[in-house]
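I have a structure here, written as structure tokens, and I will follow up with some questions on it.
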Amino acid sequence: MILVLDFGSQYTQLIARRLRESGIYAEIVPFFESIENIQKKAPKGLILSGGPASVYAKDAYKPSEKIFDLNVPILGICYGMQYLVDFFGGVVAGANEQEFGKAVLEITQDSVIFEGVKTKSLVWMSHMDKVIELPKGFITLAKSPNSPHCAIENGKIFGLQFHPEVIQSEEGGKILENFALLVCDCEKTWGMQHFAQREIARLKEKIANDKVLCAVSGGVDSTVVATLLYRAIKDNLIAVFVDHGLLRKNEKERVQAMFKDLQIPLNTIDAKGIFLSKLKGVSEPELKRKIIGETFIEVFEKEAKKHHLKGKIEFLAQGTLYPDVIESVSVKGPSKVIKTHHNVGGLPEWMDFKLIEPLRELFKDEARLLGKELGISQDFLMRHPFPGPGLAVRILGEVSESKIKRLQEADFIFIEELKKANLYDKVWQAFCVLLNVNSVGVMGDNRTYENAICLRAVNASDGMTASFSFLEHSFLEKVSNRITNEVSGINRVVYDITSKPPGTIEWE
């Protein structure tokens, strides 16, 4: 196992992800992790991440110096390399020319870390400081136009000024793999088949004959959690799906069919009437979210009580992922509130359940791979993200049954055409937004005054930033024609060309 010490870089999670993609298990801890906890994890190597600070600053982040007594290989990346240079007596100073973006790395000295790596390759830079003078015993392995010491080595201590974890670094994955396999002597034992077997055995032992309540949203995470649990405890799993009437077209039927195919019993609650009555007259986005969240808890509590009377429920399952765990103990300090699944936050006190989080070691892409291993269809696993409050936040203004129907039909057409054109898997997320404006139109010989709808499609890697998708005009025209002809009450279609930032992906 490789342990990554996080110094606050926006790319830290990518280090662990790249290693895991190579079959090497990696964990992330904050730079201030105690040496006792690090020793308990027994890592075969340490990676010191990048970070936004300067090593010569008064309040610079510094790990326990005892990491050097562990006698394991260490790789410093960007700030991590500068920390190593500073610690061992070298000189780091502000660079005359800062480096952000792509640069050409030129290897000048053979090293095990560059085994099988091209002599010249593109790498990703993101630094304002640079190494001016190496500590005694260190040698330079590579340079870039603005960094004479772009990679360094002293025995089993290595430093890289660039970010190998970022996809723009052409040979970055290979370099990280070399460090783990050739320097740290790790083995490729990480994968979803092994994880599934291990986790099912662990869940069987932990839960035994107790019951587990699991809220199913129809999304990837909760479906994977429910499937994993059912493999472990069979009918002691109580999977609950609340239909709040704000789902995509045919969503309830699709989820039910999926669970039937997986042979997992599903308790479906039809709560459309309750949700719509409580949303009546409400236009403000945050109030809509609040009402939906509170109503979900009310409906979920009622269903849980029914099952609780039949036999005490000991556990509540959540789809917490590894990024949520990392964020709760980031370099900024432990969060006051650990992020929870939108469907189960704020449950009443009588639900004094123990928490089960089977996916807490996994990144999102790994959760999808686990789902595939468990037999969940690829089509389902690769669906675009969908907000917890559902279509309520894609209907601007007050929500009504007729507006939901209108949006469902338009959204169905847009997604159907994306799939027909083989574009669905090429965009990160696509959906329709029903605008709270009407516009004048002409249909046949008649004047119309009906709803406008907005098409939204974005490209992204993680949703933190996004750019609008460049869809062909002919494709957009086809979608527009279908919507205005097939969906009653819509006479105008527009396309959103706003990126994030300044906009957000969702409108509300």
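Using N, Cα and C of the backbone, Cβ positions are placed for all residues, glycine too.
Note that this is a predicted model, so its numbers are computed, not measured.
The domain 'Glutamine amidotransferase type-1' annotation in Swiss-Prot covers 1-189 and is backed by sequence analysis. Under the heading active site, nucleophile, Swiss-Prot lists CYS78, citing sequence analysis as support. Per Swiss-Prot, active site is recorded for HIS163, GLU165, and the stated evidence type is sequence analysis. Marked as domain 'GMPS ATP-PPase' by Swiss-Prot on the basis of sequence analysis: 190-383. According to Swiss-Prot, the feature ATP binding site maps to SER217, GLY218, GLY219, VAL220, ASP221, SER222, THR223.
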Which one is it, among the active-site residues CYS78, HIS163, GLU165, that lies nearest to VAL220 (ATP binding site) by Cα separation?
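With Cα distances computed to VAL220 (ATP binding site), the winner among CYS78, HIS163, GLU165 is GLU165.
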Would you list, in sequence order, the recorded positions among HIS163, ASP221, THR223 whose CA lies within 10 Å of the CA of CYS78 (active site, nucleophile)?
HIS163
Would you mind checking how many other C-beta atoms are within 10 angstroms of the C-beta on HIS163 (active site)?
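HIS163 (active site): 24 neighbouring Cβ atoms within 10 Å.
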Cα of THR223 (ATP binding site) to Cα of GLU165 (active site): how many Å, rounded?
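Roughly 30 Å, rounded to the nearest whole number.
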Which residue, out of the binding-site residues SER217, THR223, shows the minimum number of other Cβ atoms inside 10 Å of its Cβ in this structure?
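Lowest Cβ count within 10 Å among the binding-site residues (SER217, THR223) is SER217.
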Please list, in sequence order, every residue of the chain apart from SER217, GLY218, GLY219, VAL220, ASP221, SER222, THR223 whose Cβ lies within 8 Å of the Cβ centroid of the ATP site.
VAL216, VAL224, VAL225, GLY319
In whole Å, how far is GLU165 (active site) from SER222 (ATP binding site) when you measure between their Cα atoms?
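It is 29 Å, counting Cα to Cα.
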With a 10 Å radius around each C-beta, find which of these recorded positions (GLU165, ASP221) has the fewest other C-beta atoms nearby.
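Checked GLU165, ASP221; of these recorded positions, fewest Cβ neighbours within 10 Å: ASP221.
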Average the pLDDT scores across the domain 'GMPS ATP-PPase' (190-383) and report the rounded value.
85
Within 10 Å of its Cβ, which one of these recorded positions (CYS78, VAL220) has the largest number of other Cβ atoms?
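When each Cβ's neighbours within 10 Å are tallied, CYS78 leads.
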Including all protein chains shown, what's the count of other C-beta atoms within 10 A of the C-beta of SER222 (ATP binding site)?
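Its Cβ has 23 other Cβ atoms within 10 Å.
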Do you know which of the binding-site residues GLY218, GLY219 has the most other C-beta atoms within 10 angstroms of its C-beta?
GLY218
If I take the alpha carbons of ASP221 (ATP binding site) and GLU165 (active site), what is the distance between them in whole Å?
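With distance taken Cα to Cα, GLU165 (active site) is 25 Å from ASP221 (ATP binding site).
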